[in-house]
Amino acid sequence: MRGRLCVGRAAAAAAAVAVPLAGGQEGSPGGGRRGSRGTTMVKKRKGRVVIDSDTEDSGSDENLDQELLSLAKRKRSDSEEKEPPVSQPAASSDSETSDSDDEWTFGSNKNKKKGKARKIEKKGTMKKQANKTASSGSSDKDSSAESSAPEEGEVSDSDSNSSSSSSDSDSSSEDEEFHDGYGEDLMGDEEDRARLEQMTEKEREQELFNRIEKREVLKRRFEIKKKLKTAKKKEKKEKKKKQEEEQEKKKLTQIQESQVTSHNKERRSKRDEKLDKKSQAMEELKAEREKRKNRTAELLAKKQPLKTSEVYSDDEEEEEDDKSSEKSDRSSRTSSSDEEEEKEEIPPKSQPVSLPEELNRVRLSRHKLERWCHMPFFAKTVTGCFVRIGIGNHNSKPVYRVAEITGVVETAKVYQLGGTRTNKGLQLRHGNDQRVFRLEFVSNQEFTESEFMKWKEAMFSAGMQLPTLDEINKKELSIKEALNYKFNDQDIEEIVKEKERFRKAPPNYAMKKTQLLKEKAMAEDLGDQDKAKQIQDQLNELEERAEALDRQRTKNISAISYINQRNREWNIVESEKALVAESHNMKNQQMDPFTRRQCKPTIVSNSRDPAVQAAILAQLNAKYGSGVLPDAPKEMSKGQGKDKDLNSKSASDLSEDLFKVHDFDVKIDLQVPSSESKALAITSKAPPAKDGAPRRSLNLEDYKKRRGLI
């Protein structure tokens, strides 16, 4: 018979043990067991452990059941009384099995919440484990030690504390290294190695895999912490740098303010001293005046006749009075002079400029500089004023700075400034920087707030004082005087010379040339050859400029005339080509009977001159022989008959003998090419051209179109 031992385990309650026999009864000690192999299965939470064995010793089974029940009761009572802290397994370890002997005890099952199936191959091992559990149940210390022992994959509190302290110490050090308590082979100390050796191969691989995953997670966290620490360190360094820079700026501003305050204090102390002296002198004068008033009042009150000594004092008294009056005059003069000096040294508006509007009062625009650049007062008026100068571009935007004019210089380049030309430049100062700029780079716009603050910072950093309101008022007055300046003849001559010096060409070449010729003649008369040579060079230069301007002026005109002449020649050539082509077409054209031709009648009698006709007849007779053309003498006779001056007898003879007229020999074999005869026939039939241009005859269709019939 085979017997089975089932051990059930609940999640929250105490462990309960049931041993079903082969016949289905629980707890009967008489069950027998047969078989040579045993199998143990452990399920999660509501699992059961089933042990099949074929040992013949039934008494050992009963003892084992009793020992297991007693052990479970003891563990429950001990846990209720003592309630010792149980170390929880690590979250990252997924191993739920172990090779320890506590798996066969109920105490260890009470502490654990999960388990895995396990097989026992030998019967002797089961007996040894049962004996061990029995011995452990008998001793409370052993059971408590076993219950408090950490499971596989768990980390004890001491280990966690040590690891946390080590991590803190490592984090405090700069060269931190990752360490999770295991070596490179994922094994710990000797106890850990022994415990892993006791596991099966599958459990060992699972445990190592869990450790690898845990190591990766911890390593990732370690790297993230390290990066965060480095970032925090960088932020701290940057903050420290910023704080140091701010402190330096504050120190500079404090130093500058202290300098300004010390200077103001010195000025105030001097002013107070002068005020004290002045107040003392005034008090003395007041006291003397009061004394005099008191004396006169006493004398009037007494109304007694005045003595000569009282009215006319002695010389000594007069001298004393004179001395006192001189002293009072001196004190008043000194006080007035002190006041004047104080006004000069410490004007009422001695405060430095604080707004861009105040500085804009002495700003010069490019338009003003263009008007004044040739004036005699230019250098004097401009020095001390301010301009808005362009220094270049930044991100495709122009950049301007506030600069003070310290002087006027002449540059090597002559440039165009509006409607005039000049070579003058402004020497500008911005803080410690000084540079020469041309007038064309000055802006017409006013100073902005940002530009004003930039200039103010540059002045403070250079340790220079800002201009006061009194200086600005004085400069503004000088600008107004320049606007209302009255010119004299000498100023006008200087302005004209200055403008002519930079002018490319004179406004009137003829006038300039005549003036130079006069000067040359005067120099030659006086015998000054050097001056005459200089004037001749000027004349040559003037002629060259005039020729260059003439070439430039007539350049376009000559080009246009050349184009017109070329077009005319081309039109003539094209018209000749068209005439030749039309004549060829006329020759090759066949006769059209429907074409209307010009048929202007001609009077035969008046058609030709008789002398010309006789010459033609003589040529024809010489070529073809006499009597070839009978029509010619006939026409001749007709013409002579009509004419009154001709002989009537010859005409009557020709008209009477008609047979003789037709009695002549005709040569048929003529040595004339056919092409020539054809050409003669065509030319004779063609209408005469008018004005040398061919004229095409109208056909019926063109005629109807012109008349509006079609």
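Glycine is no exception: its Cβ is also placed from the backbone N, Cα and C atoms.
Since we're looking at a predicted model, the values are computed, not measured.
So that you can see what the record holds, here are the features copied from Swiss-Prot:
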- 526-560: coiled coil (COILED)
- 24-33: compositional bias 'Gly residues' (COMPBIAS)
- 53-65: compositional bias 'Acidic residues' (COMPBIAS)
- 110-130: compositional bias 'Basic residues' (COMPBIAS)
- 158-170: compositional bias 'Low complexity' (COMPBIAS)
- 192-214: compositional bias 'Basic and acidic residues' (COMPBIAS)
- 228-240: compositional bias 'Basic residues' (COMPBIAS)
- 241-251: compositional bias 'Basic and acidic residues' (COMPBIAS)
- 269-291: compositional bias 'Basic and acidic residues' (COMPBIAS)
- 312-323: compositional bias 'Acidic residues' (COMPBIAS)
- 632-647: compositional bias 'Basic and acidic residues' (COMPBIAS)
- 692-704: compositional bias 'Basic and acidic residues' (COMPBIAS)
- 353-484: domain 'Plus3' (DOMAIN)
- Ser53: phosphoserine (MOD_RES)
- Thr55: phosphothreonine (MOD_RES)
- Ser626: phosphoserine (MOD_RES)
- Ser650: phosphoserine (MOD_RES)
- Ser655: phosphoserine (MOD_RES)
- Ser697: phosphoserine (MOD_RES)
- 20-214: region 'Disordered' (REGION)
- 228-357: region 'Disordered' (REGION)
- 627-650: region 'Disordered' (REGION)
- 674-710: region 'Disordered' (REGION)
Neighbour tally for Ser697 (phosphoserine), based on other Cβ positions within 10 Å of its Cβ: 12
Segment confidence, the domain 'Plus3' (353-484), expressed as mean pLDDT: 91
The compositional bias 'Basic and acidic residues' (269-291): DSSP-derived helix, strand, coil residue counts: 23 helix, 0 strand, 0 coil
